[in-house]
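Novice: Below: one structure in structure tokens.
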Protein chains: 4
Amino acid sequence: MPAANSQPPRVRSGNQRDEAARLAVLHAADDLLVEHGFARLTIEAIARRAGVAKQTIYRWWPSKVEILLDTLIEDSEKRFPVPVEKSTEDSIRGYFRGFARFVTRDPAGKVLLALIAEAQHNPETARSLHSRYLDPRRELERDLLTRGIEAGEVSPRLDLDATIDAVVGPVVYRALTGASVPRGLVDALFDELLKPGA
Amino acid sequence: MPAANSQPPRVRSGNQRDEAARLAVLHAADDLLVEHGFARLTIEAIARRAGVAKQTIYRWWPSKVEILLDTLIEDSEKRFPVPVEKSTEDSIRGYFRGFARFVTRDPAGKVLLALIAEAQHNPETARSLHSRYLDPRRELERDLLTRGIEAGEVSPRLDLDATIDAVVGPVVYRALTGASVPRGLVDALFDELLKPGA
Amino acid sequence: MPAANSQPPRVRSGNQRDEAARLAVLHAADDLLVEHGFARLTIEAIARRAGVAKQTIYRWWPSKVEILLDTLIEDSEKRFPVPVEKSTEDSIRGYFRGFARFVTRDPAGKVLLALIAEAQHNPETARSLHSRYLDPRRELERDLLTRGIEAGEVSPRLDLDATIDAVVGPVVYRALTGASVPRGLVDALFDELLKPGA
Amino acid sequence: MPAANSQPPRVRSGNQRDEAARLAVLHAADDLLVEHGFARLTIEAIARRAGVAKQTIYRWWPSKVEILLDTLIEDSEKRFPVPVEKSTEDSIRGYFRGFARFVTRDPAGKVLLALIAEAQHNPETARSLHSRYLDPRRELERDLLTRGIEAGEVSPRLDLDATIDAVVGPVVYRALTGASVPRGLVDALFDELLKPGA
DNA sequence: GTTTAAGCGAGACGGTACGTCAAGTCTTAAA
DNA sequence: TTTAAGACTTGACGTACCGTCTCGCTTAAAC
């Protein structure tokens, strides 16, 4: 989807929040991150690209991190939702594969990595990232595993959180440091830590 | 060791690189990172704190990342060197525990986390971090495991790199996102992935 | 008028150019030139003294030379305007005397001398000085003499420009080199080069 | 004469002042002034160009102004010495023409203009310029005119200094501001102010 | 002869100012 | 009331020179 930049000016809505402006900001942020990296993702640049005044951004988002979180939440839900009904071995394995694909090959995955990185630099980011993204998803992931265990589809060797971290952590770690993430890594970890009857 | 700031002026070494200035910069960078975080770790602040001219920093380091790498390399070697002789189960387990301790409780460990985070934002950082720190250590870690396997002290379920990432990744992932790292996490992962005869 | 420094903060004008900031810069530049000379007239110092951000200066003036030109144009018009109606011998002689007084005794005259000096070092300055100050005034000065000739009040021995330079040049030359400018110099030159019937 | 740069290293003279280094500095300063203007005439650049250590410059010259004065004194004596024997109308007129030619067409004349300009910015420069260059030459110029008067070759309308300034000033003024200096200007001034029997 | 002393190229050092960029705050005017 | 526009202060960026300093070398004069 193209940026809203250099297009016929949007119709202004006057009194109401301008949905077009909101979307233009989200897309601009997304595009800039993918195209130029986090370092050049500045509020000025987003405003320029989105054809929006800086003040409009500051009015609605407390920081660029929250902009990214908004896009991340929407994109994650589209690209690899946590299965809420089926809990077969395959659907669980598929979910983790989906996560790895998102993080390593989907441009939108860059947003998650950038936010994790930023969380280290900035406690405020860590808090937002947890409360708005990581924690709610972790809740659903725990439910997924719990249902899988009850159905005998998986049998985790460690406690639930440790198990999820043990699969997710190595993928994120390699992605963050710019190392490749081997195709079979997730499967190997799954087999070792979750596969039933092993 | 305190910063060199507000102390009697160093003796100048004339034509040669000033070792005291080098150390003052490394310590200032370290201190600032721990005290104020990566965001406020600016070249100006380092120079101010170290009592050193900005130009002196630019003369010897191409970026603040390289300053941090210098301190990280020195500190890691002191705090949790990769064992190069013994390769017992305990020394290997101890090494991973040392890593977790460094990353979660040692102030110097903040430097590693900051660099991993920065590597995501900046490919140049990723390259330096690998070539000067991660890769050389990984080499030693592989040697450590190889010797351990030959001696029957450990028996990895996955290939060497995947095994190391499987232990290190979750720790780093949790540390980065500001989550606590449970005491037993490393041991649990070790038991599951490396413990012999399991 | 004192510099705006260490005063209650100006009221900000928002979207419009801040006139108070503009004046503060002009006065600061003027004061610094008179007090500390051209060498210490830096953009940083002007900003500091005016209580204004450097960026505000760079936004409105391409160089410190243009700042000085702004003050010079305003001051010259106040202190020794070119007579535009009367063209008697006395008013013409008075104009040249006014010029000499401005250059040698008026603090604001330092600005003109500094700009002439800078014009030698910097062709860009020469261009601005001519187009914004010297040339427009020279036009008026020629008109003044032309009217004086027609009225029989003066009778130049040389062509118009040469005559004006012959009066102005020696004064500037002596002022620039730090020599005193004798009281009678202008009158002597006027008598020799312009006085009618000689 | 080429700069000493990028040449086989000079033979060092050991204990004695190195004449080659002295000349290299003078030529480098001269060349840089002509080629790049006063603004880029820095001590670093002179040292670089002359193939000389900064310290060598600081050892022998208190400032770059003194370097320029050294070259100016040598060049002036070569290019337009004050006549010390003949004092005919033609030799006096020729001297002033020589001055105008030096200042407007000789590259070495740039040095004089630069120093006059700098004198305005810097009282120290004004002092040196007077005591080492302007005043000694003025002495000789006065002698020249005095002899010319006694011989009936010239008859100044003003006092000696005013007369000299009245010829020199306009030329310098126009040269400084970047205006052209018309061929006949000096002659016209001479005729008006010095020509006998007028 | 050997020592001493100075000149030299080289270059590190603490500084100051440069001109640019983005941050986040604020005000106006139009919709 | 929301928006685009844009002026404002703040502060860091990386660079260029400043003037001081110390090093290691070379040479001429003093001993």
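Glycine residues also receive a Cβ, built from the backbone N, Cα and C atoms like all the rest.
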Novice: Quick check on the annotations: TrEMBL lists DNA-binding region for one of B:22-41, B:42-61, B:102-121, B:162-181. Which range is it?
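Specialist: That would be B:42-61, the stretch labelled DNA-binding region in TrEMBL.
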Novice: On the DSSP side of things, how many residues of the DNA-binding region (B:42-61) fall into helix, strand and coil, could you say?
Specialist: 15 helix, 0 strand, 5 coil
Novice: The DNA-binding region (B:42-61): mean pLDDT?
Specialist: 97
